[in-house]
Structures are given as C-alpha cells and as structure tokens.
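S.K.: As annotated by TrEMBL, domain 'DUF112' applies to B:17-437. Residues annotated as transmembrane segment in TrEMBL: B:12-29, B:41-70, B:105-133, B:197-217, B:313-337, B:357-376, B:432-450, B:470-489.
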Amino acid sequence: MQLSQLGVAGGFGLLGATIIVNTAGLAPVAHIEFGPALFPTIVGWIMIALSGLAAFDAVRGPAVETPAEGEEPAEPLNWHRLVLFAGFAAAPLIYVLLAPVLGFLLTMPVIVGGLAFIASGKPVRSLLLGVGLTVLLHIVFYQVLRVTLPWGVLTNYAGILTWK
Amino acid sequence: MEVIGQAFLELLSPQVLLIMLGAGVYGLTMGAIPGLSASMAVALVIPIAFFLDPVPALAGVVTLAAMAIFAGDLPGALLRIPGTPASAAYVDDSYLMVRRGQGGLALGLCVICSAIGGVVGALVLMGAAPAIARIALQFSSYEKFWLACLGLTAAVAVSGGKWYKGGISLMLGLAIAQVGLDPVSGQMRLTFGSRELVGGLAFIPVLIGMFAIPEVLRYALAPREIAPPPIQALGNLLAGVGSTLRRLKGDLVQGSAVGVVIGAIPGAGADIAAYISYAISKRFSKVGDQYGKGVPDALVAPTTSNNAAVGGAMIPATVFGIPGDSLTAIIIGVFFLKGLNPGPTIFIENPLLINTVFMAFLIANILMVPLGLFATSVFQRMIRVPRYMLMPAVLAFCIIGAFAVENTHFAIVTMLVLGLVAFVMEKHQYPLAPAILGLVLGPMLEETFLNSLIRARGNIFAFVERPLSMGLAALTLVICVAPVAMFVWRKARGARSA
C-alpha cells in the first residue's frame with residue numbers, strides 16, 4: 001500500500017464530495033430546467049470516481065515506489081533542506097503578514113536575502129541580492145507599472161524614495 | 001493582404017519592437033536555465049503583460065514562448081540537462097557533439113532549425129487559421145461543446161502516466177474554474193462564504209502558483225548547484241550548417257510537418273512533437289543506429305519540430321479557443337486578460353489584432369537567428385548564475401506578480417495554496433497541464449453544455465444529431481475509452497499471469 005498516494009487520492013475524493021455538497025443547495029432558476037448545480041455535480045462525481053481508481057491502485061501498489069524512468073532516486077532529507085523548504089513555503093505568508101507593516105522596501109530584502117543566506121550561507125552576497133532585487137522590482141512595478149506596493153512604516157518617506 | 005500589411009506596421013512601433021526584444025532576451029535566458037520551464041517563464045511575465053496594451057502584450061508573450069522553447073537546447077548541449085522538456089529527445093546527441101568538439105555545429109543547427117521550424121509554424125498558422133475559422137463560424141453550441149471535450153480528453157490522454165491521474169487533474173482545473181458567480185443564475189458557487197472568492201480565483205496567481213512555486217520548492221528540497229563545465233571555444237556557429245541542412249532537407253520538412261500537426265492536437269505539445277520527429281528520423285536515417293551517440297542527423301528533425309509545434313498549437317487556440325498545451329493555455333489566458341475572446345469571431349471582430357499577433361510570432365522566429373546566435377555565445381557565462389540566488393529571485397517575482405494584478409494579498413495566498421497543491425500533485429505523478437487546460441476551457445465547456453441542454457430541452461440525443469457533432473463525439477469517446485480499455489486489459493492480463 002502506498003500511503004502518500006492513498007492520501008492524495010483521498011484528498012481529491014474529499015474535494016469532489018465537497019463540490020457536490022456545496023452546490024447541492026443552489027436554488028434552481030425559474031423556467032430553466034438545468035440549474036447552476038448540474039455541471040459542478042458532474043465534475044464532483046467524476047472526481048470521486050477517478051479518486052476511487054487512484055485509491056484502489058495505491059492500495060494494491062508496492063509500499064515503496066520505484067522512481068520513474070529517468071527520475072533520480074530521492075535523496076534523504078536533512079535539517080538544512082527542511083529549513084530551506086519551510087522558508088520557501090512560508091515566505092509568501094511572511095510577506096503577507098509583514099508587508100502592510102514594514103512596507104515592500106523593508107520586507108522583500110528580508111525575504112530574498114534570508115532565503116539566499118539559508119541556501120548558501122553567504123551573508124554579503126545574500127544581502128546584496130536582497131537589496132538589489134528589491135530596488136529593481138520596486139522600479140519596475142511601482143515606478144513604471146504603477147502597482148501600489150505597500151509602504152508600511154516608510155509611508156512618510158514615499159515621496160523621497162521615488163523619482164516621480 | 002491589406003490587414004497583414006497593417007499588422008506589420010503595428011509591429012514597427014518602437015514600443016512593440018522594444019518589448020519583443022526584451023521578451024526575446026528574457027525567454028532565451030529563462031529557457032536556457034535548467035529547471036525553469038517555458039510555461040513558467042511565460043506565467044511569470046503575465047503580470048507585466050497585464051499592464052501593457054494588447055498588441056505589445058501579445059507580441060511580447062508569443063516572442064517569449066518561441067525563444068524559450070529554442071533556448072532549452074543550450075543547457076542540453078552544454079550540460080546534458082534539457083532546459084525545457086521539448087529539448088529532451090535529442091539531448092544526448094547535442095551533448096556528445098559538444099564533447100567531441102562539434103559544439104559549433106550542434107548549436108548552430110539548433111538555432112537555424114528552430115528558426116526554420118518556427119517560421120514554418122507561423123506561416124501555416126497565418127494561412128490555415130483564418131480558413132479554419134470561416135468553417136468554425138458554422139459550428140453550433142453542440143460542436144463547440146464536443147470540441148472542448150475533445151481538447152480536454154486529448155490533453156488527459158497524452159499527459160503521460162496514469163490516465164485517471166490526468167483525469168483528476170482536469171477535474172481540479174474545471175472545479176477551480178467554477179469558483180465564483182455561476183454564469184446562468186449569478187449565484188455564488190464554491191465560495192465558502194468568502195468575499196474574495198466571489199469574483200472567482202484570479203487566473204494569474206493560479207498560473208504562477210501552479211508553474212513557478214513547485215520549481216522553487218523542488219529546489220528547496222534538493223538545493224544542489226549545477227557544476228558549470230569549463231568555458232570552451234565553440235567556433236563559428238554557422239560553419240557546416242548549410243551543407244548539413246542541404247543533405248538533411250527531408251528531415252527539415254518532416255520536422256516542420258510533424259511539429260505543426262502534433263502541436264495542433266490539443267494536449268500534445270512541443271516535447272511530444274520532438275520525440276515523434278526524432279523517432280521518425282531515426283527510423284528512416286541511414287545512420288539511425290548512430291542516433292543517441294552524437295550525430296548531426298539526429299538534431300535536425302526534432303529541433304525543427306519542437307518550434308514548429310508552437311505555431312501548430314496556436315491554430316486550435318486562436319480558431320476554437322482550445323489551447324494545444326499548457327504554454328498555449330497561458331497565451332490564451334493573456335487574450336482573455338486583454339478582453340479578447342479567442343475563437344472564430346476574433347477573425348471578424350479583431351482581424352488586425354489577431355494578424356498582428358501572428359505577424360509578431362513570425363518576426364520572433366526570424367529574430368531567433370541573431371538573438372539565438374548571440375545567446376549561444378554568451379550562454380556559457382549565463383549558466384554560472386548560482387541557483388541559491390536565482391530561486392529566491394523567482395519567488396520574489398512570484399509574490400509581486402500575484403499581488404500586482406489583483407492588488408490584494410489574498411492573491412498571494414491563492415498562489416501559495418495552488419503552488420503547494422501543484423507541488424504535491426507533481427510529487428505523486430499527477431500531470432499539471434490538464435488542470436490548466438481545464439481552468440481555461442472550464443467556462444466554455446459549462447456554457448456550451450448548458451446552452452445545448454436548454455436548446456435541446458434536455459434531450460441528450462440532440463448532442464449527436466448533427467453529423468459533425470456526432471463525429472467529434474465519436475472521436476472523444478474513442479480517446480476516453482481507449483485508455484480505460486487498455487487499463488482493464490492490462491489488469492486482466494496481470495491477474496491471468498499471476
């Protein structure tokens with residue numbers, strides 16, 4: 001039995017069921033026989049059926065999966081990789097939490113520089129990358145494309161730190 | 001012809017030319033870096049395209065797509081790591097040629113054949129698309145429904161691996177497309193009470209999440225730097241190319257034809273075209289037994305084919321609104337973002353714009369020769385950018401790209417969640433392309449399905465009453481049933497032998 005494959009198949013089956021349940025309560029439209037729930041219900045049932053097949057295959061499969069042809073066997077995980085993975089996965093959330101407070105110009109160097117430092121252990125290069133990339137992105141998106149990036153604590157300096 | 005002339009003039013504006021040049025350089029850079037796919041390169045640039053006018057945005061995106069597919073050949077030849085899956089078929093040959101001191105010829109062939117394949121694809125696109133569109137105007141909602149079904153089932157069938165995993169991926173894409181207001185009654189579906197979901201899941205954060213985030217997370221789990229080979233002189237990149245192509249002109253024709261045809265089949269992309277072309281060339285070559293050992297004969301057909309496939313894939317995308325692969329699905333997404341509806345009516349409502357896009361694609365493939373030769377000569381320095389610098393930069397681009405279009409932090413969360421889902425799917429051999437095609441085609445499929453049902457007053461036989469819809473339905477059914485039948489047959493055979 002392949003537990004992780006079974007878990008993923010189960011997740012998709014659950015999603016199919018959620019789609020059916022969530023749309024079942026939609027009110028039918030007057031004079032139209034086929035309401036807004038019809039198409040999602042079909043999608044939900046097909047997803048459940050296919051997930052069932054995937055689960056069946058996972059239950060019958062060998063416990064240890066052999067890597068596909070051309071695929072390198074997975075290397076054992078270590079702490080450095082786990083921290084790096086967690087860092088990359090959490091970085092967007094950290095941005096969402098910090099950017100409204102600290103602003104883009106302070107948050108992005110922390111994220112980019114921090115990730116580069118965890119990956120390489122080279123502080124100077126990581127800092128230069130974080131600052132340089134942040135300035136470049138700020139010029140392209142804020143100054144040229146007029147995207148309203150958050151200023152946070154730097155709001156009072158917004159007029160000084162832009163050229164327009 | 002008058003429209004084509006006007007389209008050409010549209011492209012001569014400095015802004016458009018500058019954007020095409022910039023997109024070309026970006027596409028060459030991203031395609032050349034191993035592990036970064038052409039789809040991801042296009043997905044990351046969409047937030048910028050969003051802020052541009054339709055002509056420069058679409059011209060830039062098609063230029064980028066053409067360049068990225070070619071650029072995948074460069075790391076294949078120098079590192080034995082194909083930059084994009086489309087270059088995987090002949091990676092051994094190009095790499096061994098470089099090792100043997102024939103690097104100039106190998107890379108020269110890649111540049112010139114890619115450009116020829118791309119130009120043929122663009123010319124076929126310009127000639128065939130308007131003609132097919134005139135026929136497609138006669139299609140009713142039944143034919144449109146079956147065409148969408150055909151595209152989606154073909155995408156699942158050729159996605160590789162287990163067919164039901166492709167099916168699940170497709171259903172996920174269709175489910176994502178249903179989030180938000182229902183198109184018939186305007187009721188909220190699958191929003192779970194969230195205000196942010198009322199407008200549906202935004203296309204750009206979903207795309208960036210599904211194509212870029214898994215690449216970044218894969219690196220995080222295996223953060224190895226690729227050891228760059230010592231810089232070596234490649235010599236004159238065009239020396240010997242002319243005589244080789246004169247000798248192998250049959251392969252050029254075969255590669256172009258296979259590329260356009262395979263590219264036009266929904267779901268089959270440039271990589272499948274390259275593999276098929278390589279196999280045909282090997283079968284009929286006098287030195288077929290040398291393929292895989294570094295012969296120039298092995299490069300011509302597949303490297304022509306993968307670029308011709310991009311033009312081929314644009315045919316169903318622009319004529320029917322049905323993308324041929326995930327790369328074209330993203331390009332179609334840009335059409336929608338710019339308020340344009342791909343389909344036969346675009347040739348009537350916006351003939352200048354669609355012809356400008358085609359012309360931009362043609363010029364991009366011609367530009368590939370000088371830009372490609374330049375990129376080839378500087379590439380050996382380019383691949384020295386360490387991945388510990390590249391991947392945080394890609395993630396920063398993802399975050400700002402997702403935020404830029406929606407102007408809400410919820411878009412960043414959407415990107416992350418979809419990225420994690422895509423990462424788990426890839427880890428468990430679920431293909432992502434069907435999900436993207438489902439996302440793009442979902443609204444059209446539902447709309448044509450409901451319209452047809454309402455027109456037929458619930459009579460499902462009306463779906464197959466017209467000869468063309470019956471033919472399309474039969475083809476869809478064959479594609480659906482074939483893998484199921486094979487699955488059952490294999491299981492039965494396995495049970496018998498056990």
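Just so you know, glycine gets a Cβ as well, placed from its N, Cα and C.
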S.K.: Averaging the per-residue pLDDT over the domain 'DUF112' (B:17-437), what integer do you get?
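M.R.: On average, pLDDT over the domain 'DUF112' (B:17-437) sits at 85.
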S.K.: Does the transmembrane segment (B:432-450) come near the transmembrane segment (B:197-217), with 3+ Cβ pairs under 8 Å (pairs 6 or more apart)?
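M.R.: Counting Cβ pairs under 8 Å, at least 3, so yes.
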S.K.: Which one of these stretches, B:12-29, B:41-70, B:105-133, B:357-376, B:470-489, has the most C-beta pairs shorter than 8 Å to the transmembrane segment (B:197-217)?
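M.R.: Comparing B:12-29, B:41-70, B:105-133, B:357-376, B:470-489 against the transmembrane segment (B:197-217), the winner is B:41-70.
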S.K.: Which range out of B:12-29, B:41-70, B:105-133, B:470-489 gives the transmembrane segment (B:357-376) the most CB pairs under 8 Å?
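M.R.: By Cβ pairs under 8 Å, B:105-133 leads among B:12-29, B:41-70, B:105-133, B:470-489.
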S.K.: Would you mind listing the long-range same-chain contacts of the transmembrane segment (B:12-29), meaning Cβ under 8 Å and 6+ residues beyond its ends?
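M.R.: For the transmembrane segment (B:12-29), the list is 38, 41, 45, 52, 55-56, 59-61, 63-68, 70-71, 360, 363-364, 367-368, 371-372, 375, 382.
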S.K.: What residues elsewhere in the chain lie close to the transmembrane segment (B:105-133), defined as a C-beta under 8 angstroms and at least 6 residues from its ends?
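M.R.: Same-chain contacts beyond the ends: 4, 66, 69-70, 73-74, 77, 93-94, 97-98, 234, 236-241, 244-245, 252, 255-256, 259-260, 263, 296, 299-300, 303-312, 314-315, 318-319, 344, 346-347, 354-355, 358-359, 361-362, 364-366, 368-369, 372-373, 376.
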S.K.: Report, as numbers and ranges, every residue of the chain located at least six residues beyond the transmembrane segment (B:470-489) whose Cβ falls under 8 Å of a Cβ in that stretch; write 'none' if there are none.
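M.R.: Same-chain contacts beyond the flanks: 143, 146-147, 149-150, 153-154, 157, 163-164, 463-464.
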